[in-house]
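K.L.:
Got a structure for you, questions after.
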Amino acid sequence: MGEDSGAEYVNIGEVTSPRSVNVKKVAILPLIFLIFYEVSGGPFGIEDSVGAAGPLLALVGFLVFPFIWSVPEALITAEMGTMFPENGGYVVWVASALGPYWGFQQGWMKWLSGVIDNALYPVLFLDYLKSAIPALGGGWPRVLAALALTIVLTYMNYRGLTIVGWVAVALGLFSILPFVVMGLVAIPKLEPSRWLEVNLHDVDWNLYLNTLFWNLNYWDSISTLAGEVQNPKRTLPKALFYALILVVLGYFFPLLIGIGALPVNRELWTDGYFSDIAKMIGGVWLRWWIQAAAAMSNMGMFVAEMSSDSFQLLGMAERGMLPEFFGKRSRYGTPLVGILFSASGVILLSWLSFQEIVAAENFLYCFGMILEFISFVRLRMKYPTASRPYKIPLGTFGSVLMCIPPTILICVVLALSSLKVAIVSLIFVVIGLVLQPSLKYVERKRWLKFSVSADLPDLDYSTHGSADTLMQ
């Protein structure tokens, strides 16, 4: 995912995010781990893939699925993120290609799916601890523990993105290390024949695909932090490449060890099962280590996702899509109102079950990704000479072909969704369709102040604009 030196495009100056010039920018190593936590955070939560489809399909899924989904999404994020290095991220891509109305819809669906996704991490955190602390399995202790965790991690986001980035590095290393140790301890117990077990007549395809999809998406989320990154035109593509390798290895290796070292009982393979595997392989000490790593991993995923969600709202305010107060930064340079809104959404949705959260956020995320694929191809045709510091070495036809397999996958995921999830998700979509014109009405009445930052390049929403309108 290196730079494309053979392409010709218009050179433009570095775009800086408004009011963030004096804020310390994120370097490449923290950025890699922020992406790692946006997408993965380690193998915690992938256990359902074995329970749903068995050992062979689980292993094959985490090897093949990245080429169908993760690689195209990461490549598009690298190109679009360097073309629009600002905090609006994918919202700006869609607005430039399809107009402000659809840009807002993209922002609404992606923010909502991100908040739903973030509501999952307190659930996973408590699931991994409930075997050691049974009181956290339900009732008021679980509710209060989830609320306290949300408050503490929200405060960490408030204190600054650079702090979040380096905390992500520390948490990432701590979360990965016990699986390396587990792999070494398990070597004498491995039986490769267990990796090949398969029963195609007993596969829960809905749970299997949703688990794969949830664990390998959200590569585009880092684009909403592009305005906070050191030299994003060079740093972002490199960070995406290294994070992709880290994520795939972080899933495949623990699955290989967990399946190969113990007889497979698919009914036991549910979220939190890796801690039990650790106990059977290495003893209680390794189980405690995995549980602590899971807790730390969920903390990392929470703060990374909240950073992306809150900076997206800030970027939308800077583009005039949301009221100006969403663009307010704290003294640490963080989006104060965006953080509060995102935290409130997490608290409101945290009562949902693991499977319901995964299915609902996948459904909304699919709609957003369809808009991204369309916008990616549209911008290739609309602004062929616009500056793309990283450009996928494919023409327009190749770009369309690259988007076909993930689009088919999106259709399959949507088709397999339950009626309950589909109805709830479509209600959220309809709310977004009505919300944008409602906000425009509020703007016309001057009930709330909206403004477009003068520090950002103009976007041409007409279908006949030139590449020059994208830049200043």
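Here the Cβ of each residue, glycine as well, is placed from N, Cα and C on the backbone.
Nobody curates TrEMBL annotations by hand; they come from automatic prediction.
Values in this document were obtained by computation on a predicted structure and should not be read as measured data.
Quick paste from TrEMBL:
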TRANSMEM  26-46  transmembrane segment
TRANSMEM  52-71  transmembrane segment
TRANSMEM  83-102  transmembrane segment
TRANSMEM  140-158  transmembrane segment
TRANSMEM  164-187  transmembrane segment
TRANSMEM  240-264  transmembrane segment
TRANSMEM  284-304  transmembrane segment
TRANSMEM  336-354  transmembrane segment
TRANSMEM  360-380  transmembrane segment
TRANSMEM  392-415  transmembrane segment
TRANSMEM  421-439  transmembrane segment
K.L.:
Where else in the chain does the transmembrane segment (284-304) make close Cβ contacts, counting only residues six or more beyond its ends and a cut-off under 8 Å?
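P.N.:
Counting only partners 6 or more residues beyond its ends, the transmembrane segment (284-304) has Cβ contacts under 8 Å with 33-34, 37-38, 41-42, 44, 118, 121-122, 124-125, 128-129, 131-132, 149-150, 153, 156-157, 164, 167-168, 171-172, 174-179, 181-182, 185, 272, 274-276, 278.
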K.L.:
Under 8 Å between C-beta atoms and at least six residues away from its ends: which parts of the chain pack against the transmembrane segment (240-264)?
P.N.:
1-2, 32-33, 35-36, 39-40, 42-43, 46, 49-50, 54-55, 58-59, 62-63, 66, 70-71, 74, 77-78, 176, 179, 182-183, 186, 189-192, 194-195, 197, 215-216, 219, 222, 273-274, 277, 280-281
K.L.:
Report, as numbers and ranges, which residues of the same chain sit near the transmembrane segment (140-158): CB under 8 Å and 6 or more residues beyond its ends.
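P.N.:
Same-chain contacts beyond the ends: 122-123, 125-126, 130, 164, 167, 299, 302-303, 306-307, 310, 330, 332, 334, 336, 339-340, 343, 346-347, 350.
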K.L.:
Is the transmembrane segment (164-187) in contact with the transmembrane segment (52-71), using at least 3 Cβ pairs under 8 Å (sequence separation of 6 or more) as the test?
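P.N.:
Output no: the transmembrane segment (52-71) is apart from the transmembrane segment (164-187).
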K.L.:
Cβ under 8 Å, sequence separation of at least 6 from the ends of the transmembrane segment (392-415): give me the contacting residues as numbers and ranges.
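P.N.:
4, 6-7, 68-69, 72-73, 75-76, 78-79, 209-210, 213, 362-363, 366, 369-370, 373, 376-377, 380-381, 422.
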